[in-house]
Amino acid sequence: QADAQSHHHPLSILDAAKQEELPLPSEEPETETTPSDALPARAVLGELKVSSITPDSVQLKWSIPESPFDSFTLQFRDAQGQPRVLPIDGGSRSVTVPGLSPSSRYHFHLYGLQHGKKIDHVSTNVVTAAAVPEELPLPSEKPQPEDHKPEQPQTEADLGQVALGELRVSSVTSNSVQLQWSVPEGSFDSFTLQYRDAQGQPQALAVDGGSRSVTVPGLSPSRRYRFHLYGLRGRKRIDRVSTDVVTEEPQPEDLKAKDSQTKATPSEAPMARAVLEELRVSSVSPNSMQLQWSVPRGSFDSFMLQYRDAQGQPQALPIDGGSRSVTVP
């Protein structure tokens with residue numbers, strides 16, 4: 001998630017009924033336009049690929065080998081069979097689709113538009129991850145003497161050398177942990193982080209293969225967690241590293257959920273004053289929100305986003321100092 005914050009573009013899902021000019025295609029895509037319908041400068045969409053999958057979201061990416069598009073539209077049917085439409089900016093090359101159902105098959109259609117006209121169309125089928133992947137049972141919470149070892153024999157000769165570096169804790173709050181790792185040899189297609197929540201229920205976070213860090217929100221204060229990071233090729237576990245983390249005690253400011261009414265006095269302000277611009281909402285979905293801000297003067301080492309969840313519990317998301325937006329899932 002942390003890695004996704006800086007370049008994902010989740011967008012609000014619009015009712016397809018309001019987009020009558022873009023009806024959802026049949027499940028067998030047909031050619032949308034003939035060559036005679038296309039503009040003289042033919043724009044072409046590259047293959048639509050899946051870059052990450054979780055139980056309730058999918059991240060898709062694509063390329064444009066030729067002329068650019070003014071905008072894109074992603075169309076699909078939700079778990080209830082209702083058509084959905086996601087409008088996407090013409091400069092985007094990826095999109096995260098939130099609010100999906102676990103272990104469900106979706107058929108996505110991406111359209112490239114020029115001057116409001118559909119020029120090209122690519123599609124892909126995706127099955128969302130299970131709520132807790134059955135093929136990745138959570139290991140025992142008891143530390144094993146050989147904790148850092150391949151999970152399955154590497155029988156395929158073409159796997160080559162691939163290994164996970166140490167799993168480290170980069171930051172801890174009372175209800176979140178940020179972890180980071182390295183891949184000193186080879187590369188992985190994806191990662192899965194597994195742990196047990198405060199109620200002892202197994203949880204799993206799918207992480208893109210290019211990521212080297214992840215933030216785990218929604219933890220409980222003053223509690224010990226054991227995290228297991230798996231490196232995968234395809235759906236096969238190749239390596240695993242683990243670490244133990246104890247979350248911090250709850251801080252008074254976390255529990256009080258202060259407003260912006262509390263201002264720093266001049267004596268508390270840093271010598272070179274850094275300034276935050278207005279916090280704005282850039283997109284909203286039924287179960288996520290994207291916020292953005294600017295820093296017109298100075299710079300910050302990091303940011304901390306605090307809020308209360310639907311149950312009134314305080315939550316906190318640590319954010320890198322270079323970020324200017326965050327998606328709250």
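Every residue number used here counts from 1 along the chain in the order it is shown.
Cβ coordinates come from backbone N, Cα and C, glycine included.
Going by TrEMBL, these are the annotated features:
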type	residues	note
DOMAIN	44-135	domain 'Fibronectin type-III'
DOMAIN	163-253	domain 'Fibronectin type-III'
DOMAIN	275-329	domain 'Fibronectin type-III'
REGION	1-40	region 'Disordered'
REGION	134-155	region 'Disordered'
REGION	243-269	region 'Disordered'
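Taking DSSP states H, G and I as helix and E and B as strand, the domain 'Fibronectin type-III' (44-135) has 0 helix, 50 strand, 42 coil. Each residue in the domain 'Fibronectin type-III' (163-253) gets a DSSP state, and the totals come to 2 helix, 50 strand, 39 coil.
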